[in-house]
Amino acid sequence: MSRTLFIADLHLCQEEPAITAGFLHFLQREAPHCDALYILGDLFEAWIGDDDPNPLHQQIAQALRALPIPTFFIHGNRDFLLGQRFARASGMTLLPEEQVLECYGHRVLIMHGDTLCTDDTGYQNFRAKVHKRWLQRLFLALPLRLRQRIAGKMRAGSKQANQHKSISIMDVNLQAVESTMLRQQVKTLIHGHTHRPAIHQFALQTQPAQRAVLGAWHEEGSMIQLDANGIQLIRFPF
Ligand code: LP5
Ligand code: MN
């Protein structure tokens, strides 16, 4: 049967070879048998520019490019600097931060999910800054070693800040979810970022609606499958 797959939050890096192996296995075994693959951000642990010579990036680009199906990418909060050069090398099409799909009779909104965490004002302030084009251009013009150091500082600062944030602050804000879904005129939303895999059913202005949250790839893989029957959240071993 025709189906489309969605994944997010793999956080690929050289320090976690089992996750990379799991992803390569998924690309060889699972992805070729679907109509399209959508990667909803945080494919990589941190992205400091398409010119980073990290061999992992070449390996992933090659594996993605070998796929016989169209692949799409929405930026996450770790890899928002992933650009056209890597997109071309991997054969992925870059999508805007919110995208509506019409698939198998379903209208579905896809996004990373970080923009829905509006209670996390510390993060939203940080995001607004690092999403400024001029600051990104400045950062990308710095020597790689300096970019690595800054990214390391940001990751450390983020880990530190998260220790003092409550679980609920780091989850999506339900008003933000509802207003986004109403604005995009969808009853189904798929996102990642929060690492809290679930399919939440709720009423959106009295109509049944659902929000599907992808799991992060830590010990196992997580994907959402969309077909004519609707969505399914699936876990699988690496
Ligand atoms: O990522 P995670 O899971 O730890 O937490 C996220 C939010 N944090 C982030 C920050 C990223 O982890 C940093 C990624 C670096 C990418 C490459 C560098 C590109 C640089 C581009 C410059 C133009 O996204 C976290 C959320 C959490 O999700 C849950 O939603 O809470 O948000 C924060 O932690 C933000 C903090 O509140 C403030 C961030 C402190 C950053 C310290 C900056 C130090 C900079 C030093 C520079 C010289
Ligand atoms: Mn994220």
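A Cβ is built for glycine as well, from the same backbone N, Cα and C atoms used for every other residue.
TrEMBL labels come from automatic prediction, so no person has curated them.
Here is what TrEMBL records for this protein:
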type    : residues                                             : note
BINDING : ASP9, HIS11, ASP42, HIS195                           : Mn(2+) 1 binding site
BINDING : ASP42, ASN77, HIS112, HIS193                         : Mn(2+) 2 binding site
BINDING : ASN77, ARG78, ASP120, SER158, ASN162, LYS165, HIS193 : substrate binding site
DOMAIN  : 3-197                                                : domain 'Calcineurin-like phosphoesterase'
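Features as recorded by TrEMBL, highlighted on the structure.
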{"residue": "ASP9", "record": "Mn(2+) 1 binding site", "CB count, 10 Å": "25"}
{"residue": "ASP42", "record": "Mn(2+) 1 binding site", "CB count, 10 Å": "30"}
{"residue": "ASN77", "record": "Mn(2+) 2 binding site", "CB count, 10 Å": "20"}
{"residue": "HIS112", "record": "Mn(2+) 2 binding site", "CB count, 10 Å": "25"}
{"residue": "ASP120", "record": "substrate binding site", "CB count, 10 Å": "22"}
{"residue": "SER158", "record": "substrate binding site", "CB count, 10 Å": "14"}
{"residue": "ASN162", "record": "substrate binding site", "CB count, 10 Å": "13"}
{"residue": "LYS165", "record": "substrate binding site", "CB count, 10 Å": "13"}
{"residue": "HIS193", "record": "Mn(2+) 2 binding site", "CB count, 10 Å": "26"}
{"residue": "HIS195", "record": "Mn(2+) 1 binding site", "CB count, 10 Å": "18"}
- LYS165 (substrate binding site) to ASN77 (Mn(2+) 2 binding site): how many Å between their Cα atoms? 17
- Query: Including all protein chains shown, what's the count of other C-beta atoms within 10 A of the C-beta of ARG78 (substrate binding site)?
  - Reply: 25
- Task: Write down the Cα-Cα distance for HIS193 (Mn(2+) 2 binding site) and ASN162 (substrate binding site), rounded and given in Å.
- Result: 14
- For the recorded Mn(2+) 2 site, whose residues are ASP42, ASN77, HIS112, HIS193, find every other residue on that chain with a C-beta no more than 8 angstroms from the centre of their C-beta atoms, and list them by sequence position. ALA8, ASP9, LEU40, GLY41, HIS75, GLY76, ARG78, GLY113, ASP114, GLY192
- Would you mind reading off the Cα separation of ASP120 (substrate binding site) from HIS193 (Mn(2+) 2 binding site), to the nearest angstrom? 13
- Neighbouring binding-site residues, C-alpha within 10 angstroms of ARG78 (substrate binding site) - of ASP9, HIS11, ASP42, HIS195: ASP9, HIS11, ASP42
- Counting across all protein chains shown, how many other Cβ atoms sit within 10 Å of the Cβ of HIS11 (Mn(2+) 1 binding site)? 20
- Message: Please list the binding-site residues from HIS11, ASN77, ARG78, ASP120, SER158, ASN162 whose Cβ falls under 6 Å of any atom in ligand 1.
- Response: ASN77, ARG78, ASP120, SER158, ASN162
- Message: Restricting to the domain 'Calcineurin-like phosphoesterase' (3-197), what is the model's mean pLDDT?
- Response: 97
- What is the separation, in Å, between the Cα atoms of ASP42 (Mn(2+) 1 binding site) and ASN77 (Mn(2+) 2 binding site)? 7
